[in-house]
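Undergrad: Take this structure, written in structure tokens, and hold onto it; I'll ask about it next.
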Amino acid sequence: MELLCLLGALLSLAALLVEALRDSLVFLCLGFSDSLLLETGFLTVLVAPLTLVRGSRGIREHDSMTFWLVRWLLFRLMFVSGAVKLTSRCPTWWGLTALTYHYETQCIPTPLAWFAHQLPVWWHKLSVVATFVIEIAAPFLFFSPLRRLRTVLLQTLIILSGNYNFFNLLTLTLCLSLLDNQHVNFWLRVSAGSSERWSWICYLLELVVWSLIIFGTIVLFDLQFDPHKNGFSSRTAFTFHQFNQFLKAITIPCIWMGVLSLTWEMITSIFRCACVSGFLTRFWGMFQWSVFAVAAAFMFTISLVPLSYVEHDSHVRLWPAVRQAYDLVDRLQLVNSYGLFRRMTGVGGRPEVVLEGSYDGVTWKEIEFMYKPGNVSAPPAVVTPHQPRLDWQMWFAALGAHTQAPWFTSLVYRLLQGKADVIELIQTDVSQYPFHQQPPTYVRAHRYRYCSHQARWWRRVYDEEFYPMVHLGHTYLENMLSRYGLKDKLPPRHPSNNTVVQLLSWTRSQVKGIPAHTIIWTMLACSATWCFLMGLISNKNHTAVDLIDEDSRAVLVHQ
């Protein structure tokens, strides 16, 4: 398993550095986890060129058709994430106060979150209004032919991205689907050749669209300037029933909007295939179009099921054949349902589980994690794009009882055993672990409520006992291990001395003690530098070829 993970990381790095490896077969070999990463990863198989077989990296006529699926995924991600915030009936979202809690209660806050939490309440409420506009209203403009609308939305989405590990980078990558060749031409100062009259018409249409969005926002959220607060007052000026009626009226038209948009992409792409010169080239292009058109239509069709989850009546009205097709591939998670921050947790302070260990059961030492809040004087960590799974799971465990997180019993058990692999999940630098020389005799866990503090980063208040004091052989611990089937059933395997195991051990020893986010950022920085240098070299080569061509033409003209 470790070898597969290492090979996957090396293959991903190679695809990042070598253009020829950015191929659909390479993406097919890479494994993915997490729902959004799974769906995006499968779409890369359709979008990436199949060049390891053909050896050509030219633009394919059906590219716009498969690339459209990326934009459709972004639409579903944003629209559903906005809608579920209101369908959940969470009082913080309806009261526009969610962001007054969000910055201090998110899974792993950043130092910037502490400063954002100090902003005035009216600003937080206005930010919630902006979130609803961007996630519910703005996604419909993703399919607008007015390019400047899509560009402004792209910049706004970048600004609003939070600190959620690779999710940020993945969302920003999806946002690139809002761009096209004319955006690139604008950045490169290349004339697009559009008429001045058409440009003025686009400006007027954009002005009308933004005016309608601003007017609707003012009416729906009763936006008014409050001179007493030197800011804006806002409230939700519609009811849950009205919003539910809106979803009933808009969900089916959303589906038909997608049908018409995808159909247009299919028609334009097959027209381009028909215009290609050469019978064999045209035949090959039409064959590819047929294959990818079927794949795009299938992906779009099964994506309608998770999209319709946002409104029950619309889900019931879907054709049975659509739901049957979705059920056939559901276990592969080719498409998924998304709903970020459906309900705001941590109202009244973020719950945090604090582990403690002791040798005598009297003197206790807290076990600090690398990333999650613990020490009230320690600043929050910056981990993007790394996702420390254990720290994240500790946040989810704190939301309920330890019996809802069976893995926590296993964590306590392994800490009592002094398992080095588990300790390194808590602290990469083992010397920072308070029991690195000898495992604790006793372990317990308490739940605290953490809140932002003006003088220090955090202040905390004791809440309750989360896990009772246990030791190896303790009755309660043994019962929990038996209930969840966590007892060691087989004797530990003796380490092998083959070449692969030795190579893995050597690799692990080279990075031991280095935080994972440091390794990731180092690799990204080196990759970016490499790509930048290769771009400069390629640009110089093209410039040299152009100069040679100009000299050749000059000689011919002279002759």
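Placed from the backbone N, Cα and C atoms, the Cβ positions cover glycine too.
Reproduced below are the annotations present in TrEMBL:
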DOMAIN    33-185  domain 'Lipase maturation factor 1/2 N-terminal'
DOMAIN    334-468  domain 'Lipase maturation factor 1/2 C-terminal'
SIGNAL    1-20  signal peptide
TRANSMEM  36-53  transmembrane segment
TRANSMEM  122-144  transmembrane segment
TRANSMEM  156-178  transmembrane segment
TRANSMEM  198-225  transmembrane segment
TRANSMEM  246-267  transmembrane segment
TRANSMEM  287-310  transmembrane segment
Undergrad: Taking the transmembrane segment (246-267) as reference, which of 122-144, 198-225, 287-310 has the most Cβ pairs under 8 angstroms?
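TA: Result: 287-310.
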Undergrad: If you run through the domain 'Lipase maturation factor 1/2 C-terminal' (334-468) with DSSP, how many residues end up as helix, strand and coil?
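TA: Tallied per class, the domain 'Lipase maturation factor 1/2 C-terminal' (334-468) gives 34 helix, 34 strand, 67 coil.
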Undergrad: Could you give the residue numbers and ranges of same-chain residues that sit at least 6 residues beyond the transmembrane segment (122-144) on either side and whose C-beta is under 8 angstroms from one of its C-beta atoms?
TA: 71, 74-75, 78-79, 81-83, 85-86, 93, 96-100, 150, 153, 156-157, 160, 178, 209, 213, 216-217, 221, 223, 226, 229, 231-234, 254, 257, 261
Undergrad: Across the whole of the domain 'Lipase maturation factor 1/2 C-terminal' (334-468), what does the mean pLDDT come to? Round it, please.
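TA: Taking every residue in the domain 'Lipase maturation factor 1/2 C-terminal' (334-468) and averaging pLDDT yields 92.
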